[in-house]
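Take a look at the following structure, please.
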């Protein structure tokens, strides 16, 4: 059952006389305090302490197993309990009945008496076993008999206490260090292994929630569904399109203004340079350096070069086509004079004129053989430079043509869009979908075309038709090499030519990997165009370079089912550790075996007494609330008892509160003052007298 704390401060403390005892059920899990004679405790809270400024240390308990040993923490617990009960000062002028575990060590009992007498000044104290109070309370209600066994699976320990004539027999008691905490911790471990993504949500403080109690098979973790994005309305789409159009118009105006400013700047520079050249024509040759002293130029050639650059920049800004190829580029014949001369017609004079060695012109006399080598080397160098330059020019021209073609297509698209926007948008979406399908199909064939037959099944049907040129060439080389080596003796590798086969096979001239094809380029253009004209368009994400389109993980939105914890075998596997503690590494006896041990420890080996004990077995304590636990205990005890022995296992009326209620009835009896240990006795006889202190449960 879920834990519900009651910490509201009481206001009727002064209405009770000083002879009314205060009853405290000091359990390892919960602390309960109230007045004698009442049916329920006034204050209930967890028996742990945590300082707000030390949250990293976690909650601390005063118990080691079920024995109090941290009395500094116990003092905090008692301070809070007495304050919530309504006590105004530090002095408590009421007798106190407090529960303890079975066979509590004398040192723990004496420290508790010292704390109550010297710190709180209570007049008298009585110590009783919680399981015994619960047994006596249920005996008064006819649940169990005078002779029987009390099985008390608690928070950290489990006890079995035999009762004869209504009194506990301490020498027949047995204990094992396993309880409800270990069951909960074992459940946490199993669920953490089963649901590692929700490991941070599992803690033993959260296991007793209402959701877990009502739904024993499914535990719903806190989950907030993501907001559902509704598609934008036509008004919203029109509003966004209008905003985007205004932004685009503003950007175009800014770009036009910037373009006009640059054109004016370049035109001013061009007029200035032309005027400077006109003035330079009127200046004599000897006065040119003096004339150019304040202009920043040193020669006519520098001015002409600057004029050419400004003219080229002005044409680029205006978007005009570039001038003749001969005007823009340097003359090839002047830059590479040795390219068109045959090798047998090269002369030393040409080498002396054009060969550059170590940044100096080669003009000294050399042997004829050296001259020939220098001629050929210089010619090869010029041919390489010319080829590289031509390649750059072709690539540049190709880019210019592509830009012009793209601009032409954009102008045509814009014209179509202005004529009929809806029809144009539908055509663009259809075209985008077709291009996406073509590109994805091509990538699939390229990725796993060699391992599938086109219908998703593995096979080799039509495999040769899907191989590219490089793959077919590699297969031909392998087939030829295998056929030639199979005719006679295998001497592959004896010749240097044999190793050229590996070089040919390693060449990958696959045209598919040279770059994006026309479909991908067109897809990119259509996608960018749709993003400009359609605010609701979202392009498809492309897979990364390390994974193919077929292997791309497809994520889905989280749902309510992703935050559900399904409890299967854990529902009965976890409570089973009460009968087999070795499942969690504790080498001790289980509940059924402990019952047999307790009966064997009794001095009298009376068969009739043992039958009376097994005929009245009471389960009490919070851990006996598991469904089916009484049947499981009965089945376990029946296996260790003779055939036909009467066995009856019952559960307490309220396994959690019956201990406090039994102590409350006992403290309200007239004979209770005879069972207390007074403050006068404590100061007169000392702590050692507590060794002989014996509590009588039958009044």
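Any Cβ shown, glycine's included, is placed from N, Cα and C.
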Checking feature assignment: region 'Disordered' per TrEMBL, candidates 507-557, 558-608, 609-659. Which range matches?
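In TrEMBL, the region 'Disordered' feature sits at 507-557.
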Out of 359-379, 422-442, 443-463, 464-484, let me know the one TrEMBL marks region 'Disordered'.
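Based on what TrEMBL states, region 'Disordered' spans 443-463.
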Where DSSP helix means H, G or I and strand means E or B, what are the helix, strand and coil counts for the compositional bias 'Basic and acidic residues' (389-415)?
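For the compositional bias 'Basic and acidic residues' (389-415), the helix, strand and coil counts are 27 helix, 0 strand, 0 coil.
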What parts of the chain pack near the region 'Disordered' (387-415), using Cβ distances under 8 Å and only residues at least 6 beyond its ends?
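Sequence-remote neighbours of the region 'Disordered' (387-415) are 329, 424, 428, 525, 529.
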